[in-house]
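**Q** Below is one structure. I have some questions about it.
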Amino acid sequence: MRPATELAVRIGRELLKVSGSSRAARIWSPLIEQSLHGLGFRHSISPSLVARVIDPFLLNHHSLALGFFNWAAQQPGYSHDSISYHSIFKSLSLSRQFSAMDALFKQVKSNKILLDSSVYRSLIDTLVLGRKAQSAFWVLEEAFSTGQEIHPDVCNRLLAGLTSDGCYDYAQKLFVKMRHKGVSLNTLGFGVYIGWFCRSSETNQLLRLVDEVKKANLNINGSIIALLILHSLCKCSREMDAFYILEELRNIDCKPDFMAYRVIAEAFVVTGNLYERQVVLKKKRKLGVAPRSSDYRAFILDLISAKRLTEAKEVAEVIVSGKFPMDNDILDALIGSVSAVDPDSAVEFLVYMVSTGKLPAIRTLSKLSKNLCRHDKSDHLIKAYELLSSKGYFSELQSYSLMISFLCKAGRVRESYTALQEMKKEGLAPDVSLYNALIEACCKAEMIRPAKKLWDEMFVEGCKMNLTTYNVLIRKLSEEGEAEESLRLFDKMLERGIEPDETIYMSLIEGLCKETKIEAAMEVFRKCMERDHKTVTRRVLSEFVLNLCSNGHSGEASQLLREREHLEHTGAHVVLLKCVADAKEVEIGIRHMQWIKEVSPSLVHTISSDLLASFCSSSDPDSILPFIRAIENT
């Protein structure tokens, strides 16, 4: 390994190690800066080294990446260049940190740093996909002003994005600039743009523009452009204009296909212009060309890839409504992507797919189900599952698991249970995750008895419960005042060798304290101390103290904390003192602090400082001043 690469690896690993647990968000801190100084590499820092550290080590930790980037800029004699900016923009792009990207780009402009064209391309694409097309426009302007060549596909995606996002003034400026600079237009960019432009333009102006663009850009698909224009005109009640330009479009190499003719014919049905409809249908038979499915396939995939989902949906609706052929993978892509913005249309695409004798891929159904749940469309979810069930779609473990888990997420408990029973009739054994999902759905719906019944069913079926099973049930039973039942489950899980987690201890203790079963709560806490990590015990202890005080047992909480092993847990002492202050139980607090002073005087200052800090953030700090003074007097 080369020395520069070795150093980048050392720095990257050190940053990840010092910044904390991989589960938590990694935040830049003075401790990290101190650690970097200890590595002693400041004399050899360079933009390429910064880039090697950020990519790959910090790509998924934007805060850490930005902290390291800014720290490097402060080192004597160092300045960033295109390479280091590329790496930080890449990290920020992955986590969609658009504000930070905008601030950095302003820095680039003010410092007159010349970025590589690949950095501009990446920035523009990221911003367009993040629906920040206006910001992307200014990035492109900067790239053009520095003489950079930006690939036409990037410019076309931006043109489509500006138009689709409603930034029409910017779209028009970009369109003019692309033509002026000789940047070629393609079907995606020009198609989305002309679909908007034709809504308010005169037909002569429209045809003249299309003719000029088509002659200069032979790669543009004329039939697709014709469909987009005619569809847009009909949408804004200009079906007569659409009718009159049919022949003109043919003359400028934009031959309307059968779908284009059908769009106008259907618009005339709506307006009652039946004579004109007949004329259009005759023209269709005489002059229309069959739509090339491969062309529309490529166009729809381009729209989906560019996240122009509304436009993709509208083109697909024209195809579906006319029962024109569409490949299965295109329907899969449409159902999965369009469901994010228009779940109703996505379900209609599914209905169309099934009517043609095709069925969706499991990943497509998963995306559709997820988005239906996100949009709170449980009725649509049921409709989709019933349709697929009638075609024998649910026949193996994976598809049944998907259906049941999403029915549970949608809160459709009865339908979930019915599906579970059907699954068992098919000879398929539900696994513990399915039972857990259904039990949790029952608990959320306040259906405790069915949840218990499912527990019994798991036992009969020989399905082994896991931590999640116990967690869900113990938490709910504790909430519902069934502490004895939750304790029974707790004992069973210990017998079966399943280690409780922090949530289980806290749920049990909270439920037992509410029911004034203090000794039982103490016993649960002792088991926590025997079995668990000190950090967990400390958090559970603080929660235990809070629950004791909340239920009128401040004296017992103070007594609990007087056990030697809890003395150093200062956070729990602060919880107690804050609770007794709020409850105006000053004497308990004073006696507790006197005891601490007797057994460990050094802790008094720490606890007092923490207590005062917690009161400073209180909504009514004045109310506890007498308590603080009384504590100080101890």
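Backbone N, Cα and C define each Cβ position, glycine as well.
Under the heading repeat 'PPR 1', Swiss-Prot lists 81-115. Marked as repeat 'PPR 2' by Swiss-Prot: 116-150. Under the heading repeat 'PPR 3', Swiss-Prot lists 151-185. If you look up Swiss-Prot, you'll see 186-220 marked as repeat 'PPR 4'. Annotation comment: Swiss-Prot describes 222-256 as repeat 'PPR 5'. Sequence annotations record features per position, and here Swiss-Prot assigns repeat 'PPR 6' to 257-291. Per Swiss-Prot, repeat 'PPR 7' is recorded for 292-326. Taken from Swiss-Prot, the feature repeat 'PPR 8' applies to 327-360. Sequence annotations record features per position, and here Swiss-Prot assigns repeat 'PPR 9' to 361-395. Under the heading repeat 'PPR 11', Swiss-Prot lists 431-465. The annotation repeat 'PPR 12' is assigned in Swiss-Prot to 466-500. The repeat 'PPR 13' feature in Swiss-Prot is assigned to 501-535.
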**Q** For the repeat 'PPR 7' (292-326), which recorded stretch in the set 116-150, 361-395, 431-465, 501-535 gives the largest number of Cβ pairs separated by under 8 Å?
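**A** Answer, by Cβ pair count: 116-150.
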**Q** Mean pLDDT, the repeat 'PPR 3' (151-185)?
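**A** The answer is 96, the mean pLDDT of the model over that range.
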**Q** Residues sitting near the repeat 'PPR 1' (81-115): Cβ under 8 Å, six or more positions beyond its termini, same chain?
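**A** Same-chain contacts beyond the flanks: 47-48, 50-51, 54-55, 58-62, 65-66, 69, 72, 122-123, 126-127, 130, 132, 135, 139, 142-143, 146, 148.
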**Q** Excluding the flanking five residues on each side, which residues at least 6 beyond the ends of the repeat 'PPR 9' (361-395) place their CB within less than 8 Å of a CB in that stretch?
**A** 332, 335-337, 339-340, 343-344, 346-347, 350-351, 354, 402-403, 406-407, 409-412, 415, 419, 422-423, 426
**Q** Hey, which bits of the same chain come close to the repeat 'PPR 11' (431-465), Cβ under 8 Å, at least six residues off its ends?
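**A** Cβ under 8 Å, 6 or more out: 397, 401, 404-405, 407-409, 411, 413, 416-417, 420, 472-473, 475-477, 480, 482, 493, 496, 498.
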